[in-house]
Each structure stands twice: as structure tokens, then as C-alpha cells.
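These notes concern the structure reproduced below.
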Amino acid sequence: MSVIKMTDLDLAGKRVFIRADLNVPVKDGKVTSDARIRASLPTIELALKQGAKVMVTSHLGRPTEGEYNEEFSLLPVVNYLKDKLSNPVRLVKDYLDGVDVAEGELVVLENVRFNKGEKKDDEILSKKYAALCDVFVMDAFGTAHRAQASTHGIGKFADVACAGPLLAAELDALGKALKEPARPMVAIVGGSKVSTKLTVLDSLSKIADQLIVGGGIANTFIAAQGHDVGKSLYEADLVDEAKRLLTTCNIPVPSDVRVATEFSETAPATLKSVNDVKADEQILDIGDASAQELAEILKNAKTILWNGPVGVFEFPNFRKGTEIVANAIADSEAFSIAGGGDTLAAIDLFGIADKISYISTGGGAFLEFVEGKVLPAVAMLEERAKK
């Protein structure tokens with residue numbers, strides 16, 4: 001993957017426009033989870049250290065496009081950055097007709113979704129963004145799968161368009177896991193629906209030596225083996241698809257499960273064989289024997305790609321399966337890459353972040369990359385690198 005990297009450029013005195021992913025949860029004007037800002041900080045600090053005139057922007061939430069809405073302002077992000085940086089930081093609300101930035105200063109440009117035409121990759125808006133800078137840095141892997149004015153359009157018109165350190169690291173890590181993985185390669189795909197992950201399952205079935213399924217997805221595979229899944233979340237119309245995948249790839253289907261009669265945090269868990277699930281029960285986690293089987297597979301892996309929990313880990317009674325799998329990944333000597341919101345929440349819950357080789361910041365972008373789809377922002381950077 002050939003792109004210009006920000007780390008290869010001399011940014012001194014240059015106007016640098018960084019498109020970061022600062023889309024963080026905010027409550028009462030305060031950032032409640034700073035993971036994405038922390039991930040973006042090294043890029044911002046590097047540009048400032050080089051003496052660049054630094055602008056950074058992002059989307060935040062889903063405001064009505066083209067309208068300012070205080071609820072979706074980047075002000076809480078600015079206040080967070082002021083605490084973390086020794087450099088001056090200020091928020092600029094109206095910037096499309098130009099903005100003055102001093103060397104060593106950080107200017108945060110207000111939420112890009114307040115600009116009409118952002119989501120449609122409007123050419124006029126893209127050119128206005130490009131006119132603000134000498135160097136455009138795309139560093140938001142989480143939005144690289146969307147062709148929008150601040151992630152894609154600007155890069156076509158800026159003097160220089162490059163990949164920031166965070167984006168470059170994402171592409172390197174995913175490339176390492178998917179293009180030439182050390183084997184055996186094990187992929188874990190959890191989540192509630194086969195339909196939303198079908199292309200991912202299909203792509204990984206061709207790459208992985210073993211494909212582990214979890215959550216509602218696993219229930220569809222359990223049904224495909226002829227077992228009754230009771231009231232469990234599963235997709236009857238995709239049972240044949242699950243049967244097909246079972247013939248093309250090595251997929252260990254759970255042999256025992258934890259069930260409950262209601263979907264509730266306080267519902268007691270009953271451990272039983274998949275042969276014994278009753279009509280009024282729902283499967284909410286894999287059982288101990290199944291979890292240990294997966295742990296053994298993961299122990300011998302050389303590459304692990306993890307997307308999604310294997311049970312409803314948010315409920316303490318149905319956490320054990322995901323915890324065993326998570327700890328097996330953490331203890332493995334394999335190159336491990338994890339992505340997706342629920343996966344990151346599980347990593348935080350079990351405190352294993354420092355034991356995962358690479359944690360992806362992208363949700364949809366992570367999945368689309370795994371599917372083998374072209375990410376518009378990355379394609380644009382590759383195109384610009386040729387010129």
C-alpha cells in the first residue's frame with residue numbers, strides 16, 4: 001500500500017490540516033471516553049513539535065448537516081486538549097473563508113458536519129477545506145470508508161495529501177494480519193447477526209485456518225447443525241448459508257452453552273449441552289467446555305483477528321465465555337489485532353489492552369477492510385502518492 005506518510009514530510013512553517021477521529025461520547029459538556037483523542041494526540045503533537053501551523057477537525061455525533069448545534073460542538077474536545085497540551089489551543093467556528101494559525105498553535109476547526117455538503121463529498125466544500133492548508137493529513141481510520149469532503153474530497157485538491165501516523169499504523173497492522181498472516185491464523189467474529197457480518201465471514205473463511213463464531217451469529221450455526229435454539233436470537237433464513245460456511249472452513253460450533261429464560265442482567269445462567277436447549281430458553285453465552293476448546297485453538301495461533309464478543313458479556317452471568325477467550329488472546333504469543341466497539345469494550349472490561357498487539361480505532365472501516373473493500377480515503381491517498 002503506497003501512500004505518502006506524514007512522518008516523511010518536513011512540516012515546519014506549513015499550514016497542516018489534520019482530519020482526526022475525535023468523535024467521542026460527551027455528557028454534560030465533558031468527554032466521557034477519551035480513547036479516540038488519546039489515539040490522535042501523537043499525530044497532533046508531532047506536527048506541533050515540527051513548528052507547523054496546525055488545524056485539526058473531526059465530526060462529532062449526528063447533527064443536522066449545515067446547522068450549528070451546540071450539543072455537537074467540539075468544545076469539550078478543545079477543553080480536553082487544553083489540559084493535555086502545553087501549546088495554545090482554540091476553537092474556530094467559522095473557517096471556510098480562511099483562518100489564521102500561528103506556528104506552534106493548535107486550532108480546532110468546528111464539527112465538519114455543521115458544513116453543508118460534508119457527507120456528500122461536495123467539491124466546492126472540499127476545495128474550501130483544501131485552500132486552508134499546504135498539507136492535508138488523513139488520520140481518521142474510523143471514517144476512511146466514507147467518501148466525505150473532509151476525509152476524501154479535500155485530499156484531491158490539497159497541495160499534498162498524506163496518511164497520518166495513526167492511519168498508517170492501522171493499514172500496516174491490518175495488512176500484516178490479512179495479506180500475509182503467520183499461520184495458523186484464527187479469526188473470531190461475534191455479534192448479533194450473521195446478515196451484518198456475512199461478507200466478513202465469507203472473506204475470512206478464505207483466509208483463516210480457523211473461524212470462530214460467537215454471540216447471535218453462533219446461534220445460527222448451532223441451528224445449522226440441527227439443534228433447537230429455543231428463543232435465542234438467530235436468523236432462520238441464513239441457516240443454509242451457515243451450513244455452506246461449515247463445509248468450506250473449519251468452524252468450531254459450541255457444544256455447551258449458558259441459557260436463561262429472559263434477556264436480563266439479573267437472569268440466572270444455566271449451563272447445558274446444546275442438545276438440551278428448551279423452547280423457552282435463549283442462549284446468551286458459550287459454555288465452559290466450548291470456551292476451553294477455543295482457548296486451546298487460540299493458544300496455538302500465530303495470527304489472531306478479533307471482532308466481536310462470544311456472549312452477552314455486559315451481563316455478569318454471561319461474561320465467562322468472552323472472558324476466557326479474551327484472556328486466551330492476551331496470553332497468546334500470536335500477532336493479535338482487535339476491532340469494533342463491543343470488542344474494545346470487552347478489552348477495557350478485562351484490562352488486557354496492553355496484551356493485544358494492535359487495537360483498531362475503526363468500526364465500519366475495520367470491517368470493510370477485512371471484507372477486502374476499497375476504502376475511499378485510502379484509495380485517494382494512493383492516487384495522490386502517484387503524482
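Glycine is treated like the rest: Cβ placed from N, Cα and C.
If you look up Swiss-Prot, you'll see ASP21, LEU22, ASN23, ARG36, HIS59, LEU60, GLY61, ARG62, ARG113, ARG146 marked as substrate binding site. According to Swiss-Prot, the N6-acetyllysine annotation covers LYS84, on the basis of similarity to another entry. For LYS197, GLU314, GLY340, GLY341, ASP342, THR343, the entry in Swiss-Prot reads ATP binding site, with the evidence type similarity to another entry.
Around LYS197 (ATP binding site), the same-chain residues at least 6 positions away in sequence with a Cβ under 8 Å from its Cβ are VAL189, GLY191, ILE217, ASN307, GLY308, LEU367. Taking each Cβ in turn and tallying the other Cβ atoms within 10 Å, the top scorer among the binding-site residues GLY61, GLY340 is GLY340. Non-local contacts of ARG113 (substrate binding site) by the CB criterion (under 8 A, 6+ apart in sequence, same chain) comprise HIS59, LEU60, GLY61, ARG62, PRO63, GLU65, PHE72, LYS119. In this structure the C-alpha atoms belonging to THR343 (ATP binding site) and ASN23 (substrate binding site) are separated by 18 Å. All protein chains shown were included, and the count of other CB atoms within 10 Å of the CB of HIS59 (substrate binding site) stands at 26.
Fewest other C-beta atoms within 10 angstroms, among the binding-site residues GLU314, ASP342, are seen around GLU314.
In this structure, the C-alpha atom of GLY341 (ATP binding site) lies 13 angstrom from that of ASN23 (substrate binding site). The C-beta environment of ASN23 (substrate binding site), restricted to residues of the same chain at least 6 apart in sequence and closer than 8 Å, consists of ARG36, SER58, HIS59, LEU60, GLY61, GLY142.
Cβ contacts within 10 Å of ASP21 (substrate binding site), excluding its own Cβ and spanning all protein chains shown: 24. Under DSSP, GLY341 (ATP binding site) is assigned to a helix (H, G or I) in the three-state scheme. The two recorded residues ASP21 (substrate binding site) and LYS84 (N6-acetyllysine) have their Cα atoms spaced 17 Å from each other.
Summarising the ATP site geometry, the residues cited as binding it (LYS197, GLU314, GLY340, GLY341, ASP342, THR343) extend over a maximum Cα to Cα distance of 21 Å. Across ASP21, LEU22, ASN23, ARG36, HIS59, LEU60, GLY61, ARG62, ARG113, ARG146, which the record gives as binding substrate, the greatest C-alpha separation is 18 Å.
Within the same chain, residues at least six positions away from the residue listed as 'N6-acetyllysine' with a Cβ under 8 Å of its Cβ are ILE37, LEU41.
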